[in-house]
Amino acid sequence: MSRLMARGLTLAYEDRTVVHGIDLAIPEGRVTVIVGPNACGKSTTLRALGRLLKPAGGAVLLDGAELAKIPTKTIARAIGLLPQSPVAPEAITVADLVSRGRQPHQAWWKQWSEEDERAVTDAMARTDVTDLAERPVDELSGGQRQRVWIAMALAQDTEVLLLDEPTTFLDISHQVEVLDLVRRLNHERGRTVVAVLHDLNQAARYADHLVAMKDGRIVAEGPPAEVVTAELVREVFGLASVVVPDPVTGSPLVVPGAPYTPDAPRTPDAADLPVPVQKTGTTTG
Amino acid sequence: MSTTTARPTVRPTGYAVVRTGPAAFLLHRRSALVATVLGALLAAVCVLYLSVGESFVPPGEVLKVVLGHPSDHELVVGTLRLPRMTVGLLVGLAFGVAGALIQTVARNPLASPDIIGISQGATAVTVGGLAFGVSATVLPYFSIAGGLAAAALVYLFAWRGGLQAARFVLIGIGIGVALRSITLLFLTKTDHHIAQQAKIWMSGSVNGRGWEEATPLAWAMLALVPAVLWAARAQRTVSLDDDTATSLGVRLGRVRLGLVVTGVVLASVATGAAGPVDFVALLAPQIARRLTRTAQIPLLCSALTGAVVVVSADLLARKLLAPTELPVGVLTAALGAPYLIWLLMRGRTTGGNA
């Protein structure tokens, strides 16, 4: 089941084609993560799913209808998107910013409703920013700010949530915090989440459905345990690695080849790497 | 356990919700307070303006005249001072809102109609009109046409599949410079009597302006009130970044165009009435925003600040070197220039937010 799909989607910036006719069905109620090397078109694809970019060919479909033909406000009630580096107006407070997520549910003469208040209160509680309500967004730490932006996207109260590299600029504990929050939202509210991540291991840990892209095409997709293999890592990222089960989650963990040392100046090949004993049968070295 | 522990709900900080029937509006408390204070200040400045002059009229008599009661000061206050003050008041309101709207779209405190070419467009066309002997009654329409044409040019050149704030401002400045040279060309080609007349107009003056200017200006502004009310709401999302605003279902291209057109029309009709009164549109919104501390530029407070600035500057212009009267634009420029330098020194010229 999927409400959101891409069909023969081609995306271009001016005359440079970045994504070449991909087909993609976003599984409903699951966490989908798109991974791939820099400039593989993953963020571009996400932006097109959130109608920030018009397709040069093909279409993005929401419930079978082309996004381009749905009123943008209607889309905003179904799909929320957190851009890669959102900018808050100067001096805006947390509660004010989160409240602006209610825009698609409001009208000129209906600027605030009980429903708005409930959604904003709920979004802020879930992201644990209620205590920051009165603080200016400029004064927050990176992790806090990212939680505030997620709260704003949540307040929008959409079934689908698109996140463009939500962990960039965050230190590792905040990265984990944000990704855990995303998973929790998915579990508790059954929200469909699509995130672009550049860290393959994080993607493997948090995704139900993994989409690997390279050069504007989808190379592989499916559950991380099936998709993430040393071959795929080599093919997509051009990196020699060993894939072992994550000691905590059992999901595939990509361990890149040994770093440079004077004794072994040659970049190791995956075949040369020692392969540890596999504990589960889900990963193939 | 039975104690009610209802979780406090969250509302946008600093806003009150005003409900009337099915409608509900967000009212920024501090802005409402600031607007009240500015309104009182404006009233006081206006009374002072009508009292002070070659002859002093007590404020009590001023109020009588304004309220239409018979008074001995009818001529001085009602006929000589009131019409001119009204033009100044309206021009200040219009420039205040125009500046606020254009700064919102450009996300830059430097963007105002007198910086990005709109005033220069109005000036070029008006001076051209003067040089070719167009009658004074239609000149304001020349200003409006000039302002709109300049704005259209800026928009056209700055548009590249979207409107980028920095490009919008830079292209505006460039077009402003080009238009200024056209104005100078007209000035040097025309005879010195008309050039003199044009120069006074160009410095922004309400001297000698009266009901003939005030009435059409008031009607034009009244007609724009619905657009301004819409704009006040649209500002909430336009002040966010492009991606976020689009994700919230805002048609950014259209909304920005609507805001710019409203601002340009306001600036152009004001320029038509009083010439380009420099820096008011630049100053007023930024002063107002610092007073209200809102995340977007407050429209009503910008309007009131603009009016306070123009009326008090014109009061000074009348009194400072009396009996010689300065054009009000000279004073607003004298006030505005140091502010502009301060703004540039703070390094916020390319900042992401207005």
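Cβ coordinates come from backbone N, Cα and C, glycine included.
TrEMBL annotations: computationally assigned, not manually curated.
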From B:61-78, B:115-132, the residue range that TrEMBL assigns the feature transmembrane segment: B:115-132
Best-contacting stretch, by C-beta pairs under 8 Å, relative to the transmembrane segment (B:85-103) and drawn from B:217-234, B:295-316, B:328-345: B:295-316
Contacting positions for the transmembrane segment (B:255-275) when only residues 6+ beyond its ends and CB under 8 Å are counted: 87-88, 90-91, 94-95, 97-102, 104-105, 113, 118-119, 122-123, 126, 139-148, 151, 155, 163, 200-206, 209, 213-214, 216-217, 220-221, 224, 227-228, 230-231, 234-235, 237-238, 281, 327-329
Contact yes or no, the transmembrane segment (B:115-132) and the transmembrane segment (B:32-52), 3+ Cβ pairs under 8 Å, gap 6+: no
Contact set, same chain, for the transmembrane segment (B:295-316): CB under 8 Å, 6 or more residues outside the stretch: 28, 31, 34-35, 38-39, 41-42, 45-46, 48-49, 52, 84-85, 88-97, 99-101, 103-104, 206, 228, 231-232, 235-236, 238-239, 277, 280-281, 283-289, 328, 331-332, 335, 354
Chain residues in Cβ proximity to the transmembrane segment (B:32-52) (below 8 Å; excluding those fewer than six residues from its ends, i.e. six or more beyond): 58-59, 62-63, 65-66, 77, 81-82, 85, 89, 288, 291-292, 298, 300-301, 304-305, 307-308, 311-312, 314-315, 318-319
Long-range Cβ neighbours of the transmembrane segment (B:217-234) (under 8 Å; 6 or more residues past either end): 86-87, 90-91, 93-94, 97, 101, 250, 255, 258-259, 262, 265-266, 269-270, 272-273, 299-300
